[in-house]
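One structure below.
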Amino acid sequence: MSSIKIECVLPENCHCGESPVWEEASGSLLFVDIPGKKFCRWNPLTKAVQRMTMDAPVTSVALRKSGGYVATVGTKFCALNLEDQSVVALATVDKDKKNNRFNDGKVDPAGRYFAGTMAEETAPAVLERHQGSLYALFPDHQVKKYFDQVDISNGLDWSLDHKIFYYIDSLAYSVDAFDYDLQTGQISNRRSIYKLEKEEQIPDGMCIDTEGKLWVACYNGGRVIRLDPETGKRLQTVKLPVDKTTSCCFGGKDYSEMYVTCARDGLDPDSLSRQPEAGGIFKITGLGVKGIPPYSYAG
């Protein structure tokens, strides 16, 4: 196996960087800074960063088949245009919960945009419990609510055969699986496939590789872990020089590089001096596995 190399490729100083997505068409990495209310597109070749500031926390971003992007902003599913900096609301959720916001989101293989909510935090990972729900924005802009009683709706992805939906509610310290019906978007038969170890801390963002194994970013754990969803075993741990790793995706040529986002918020001055790259974008090469291209929202 080739040697693993970890480097901070963009010192962005995100309060809480999240939702990395590779955009093959532009050879760029998309990501957000949730408290910074920013959506960013970074081109590793030219080093150019395009930024777009919102009026509410922007928590996830995804590609859109018809062009531009979709994002979760506050409690709204929105369409974004980076060129003219426009934001168009497509749907709103949790109207009865004024203290809620979206968190992580991702598009399924049929082009539906799944995203979940949570209560606003009073400090990182400190919040009113059981206030969140999981939703999906269908291509016709209708919203389906799947379940509620969620603490921090987080990482999500689908198995390579599209028959299993993987999902993380962070404060359950578990990676869960559901049976998935791609035709209808229905989920059923929830079960836990991996419980995090104490030193792994809080499960956050997640992605899948071409071997069907899951990669989970561990918030406060300073690592990404590779899991076998069939055996429930951890296969690999890759530690980063920052504590608050938040999410991960594959990208670059052939999707052979992993990009990892992280946070600065919640670190005291002493911790920040020890990890000056906190809030940056990290690239991991030499993992010996590849990812799959992200799906695009079909609406």
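Numbering starts at 1 and runs along the chain as it is shown here.
A Cβ is built for glycine as well, from the same backbone N, Cα and C atoms used for every other residue.
Of the residues proposed, Glu24, Glu121, the one Swiss-Prot records at the same substrate site as Arg101, Asn103 is Glu121. When Glu18, Glu23, Glu277 are compared with the divalent metal cation site residues Asn154, Asp204 in Swiss-Prot, the one appearing in that site is Glu18. Glu18 (divalent metal cation binding site) and Glu121 (substrate binding site) are 16 Å apart (CA-CA, integer value). With Asn154 (divalent metal cation binding site) as the anchor, the candidate modified residues are Lys144, Lys244, Lys253, and the one with the nearest CA is Lys244. The distance from the Cα of Lys144 (N6-succinyllysine) to the Cα of Lys253 (N6-succinyllysine) comes to 35 Å.
Checking Cα-Cα distances from Asn103 (substrate binding site) against the recorded positions (Glu18, Lys244, Lys253) with a 10 Å cut-off leaves Glu18, in sequence order. Across the fold, the C-alpha of Lys253 (N6-succinyllysine) and the C-alpha of Glu18 (divalent metal cation binding site) stand 21 Å from each other.
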